[in-house]
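Peer 1: I have a structure here, written as structure tokens, and I will follow up with some questions on it.
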Amino acid sequence: MTPGKKLQGLVAATITPMTPDGQINLSVICQYVDYLVSEQNVKNVFVNGTTGEGLSLNIQERKQLAEEWVCQGKDKLDHVIVHVGALSLPESQELARHAAAIGASGIAVIAPFFFKPTNKDELIAFLQKVASEAPAVPFYYYHIPPLTGVKIRVEELLDGIEERIPTFQGVKFSDTDLLDFAQCINKNEREQFAFLYGVDEQLLSALAIGADGAVGSTYNYLGRKTSLMLQAFAKPDLALARKYQFLTGEFLNFVMKLGFGVAQTKAVMTLVSGIPMGPPRLPLVDASEEFIVKAKAKLDSIVWPDGD
């Protein structure tokens, strides 16, 4: 990992590989790291998040995965961010202490979503209690209201957050509310925080507003294409950047109509990378053979601007 380097660019929301009988499969993480770096041009990962089925794993499994990603990512990855959010505050704190002990680049926390915080102060109180267990580790808030139901606006959350959480470094913003996102960027005049967008099919819009980068599942298998979109945007060649975004959107629009979630993401990653990602954990169920055939045909049919 690269200490002190700002988190920016693409961050793959990692999948948790599992054996056919549903146990975590640590044996392929080394191959997974090499694939992301060499084939997808992605050197940052977000472990045990939504795509990684983090909330479906027990504490020991989450620790084992975090350890393996940190170990295998040494000297290869720039950042290993470990999601340590949980419904139980003591469990989240335990995971935060563990992430600090193994040398994670940062920790992230989702809002509790059964007994929910109802206002900014309640949410920050929970986040602060977790962040304080890893006082030397950069802290990120993971905002995903479509899944948590916690709709406290991030721009409101930012007011005074540094005083409460000195390690606060930014937000993984997984919502379509670009007004809220834009207000966050506007408040970040000194650019001390990183704002990473988490809705892959809208990334170009977020870049135009000022996103520092993105965290998402598609960067596991479309990372190189998305990197080319970022390069085109930076030139700026907006026509080319739009082409990449439209083609990514064409694929996602197609699979979403078939039913697209973590199980289907695992199937697509297995198809593209050749690394067996295995089944999801119940209550999620395996992607159907019909989905796999149709998704493969759609991916194969896309003609990218770089000719691949």
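Every residue gets a Cβ built from N, Cα and C, even glycine.
Curation plays no part in TrEMBL annotations; they are all automatic predictions.
Here TrEMBL flags Y142 as active site, proton donor/acceptor. Sequence annotations record features per position, and here TrEMBL assigns active site, schiff-base intermediate with substrate to K172. The feature pyruvate binding site is assigned by TrEMBL to T51, V215.
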Peer 1: Within its own chain, what residues at least 6 apart in sequence put their Cβ under 8 Å from the Cβ of the residue listed as 'active site, proton donor/acceptor', listed in sequence order?
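Peer 2: Within the chain, the residue listed as 'active site, proton donor/acceptor' has Cβ neighbours under 8 Å at G49, H83, G85, A108, V109, I110, A111, V171, K172, S174.
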Peer 1: In sequence order, which residues at least six apart in the same chain have a CB under 8 Å from the CB of V215 (pyruvate binding site)?
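Peer 2: Within the chain, V215 (pyruvate binding site) has Cβ neighbours under 8 Å at V11, A12, A13, F46, G49, K172, S174, L196, Y197, G198.
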Peer 1: Across all chains shown, how many C-beta atoms besides its own are within 10 angstroms of the C-beta of the residue listed as 'active site, schiff-base intermediate with substrate'?
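Peer 2: For the residue listed as 'active site, schiff-base intermediate with substrate', the 10 Å Cβ neighbour count is 29.
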Peer 1: Who sits close to T51 (pyruvate binding site): which same-chain residues at least 6 apart have their Cβ under 8 Å from its Cβ?
Peer 2: A13, T14, I15, S217, N220, V262, T265
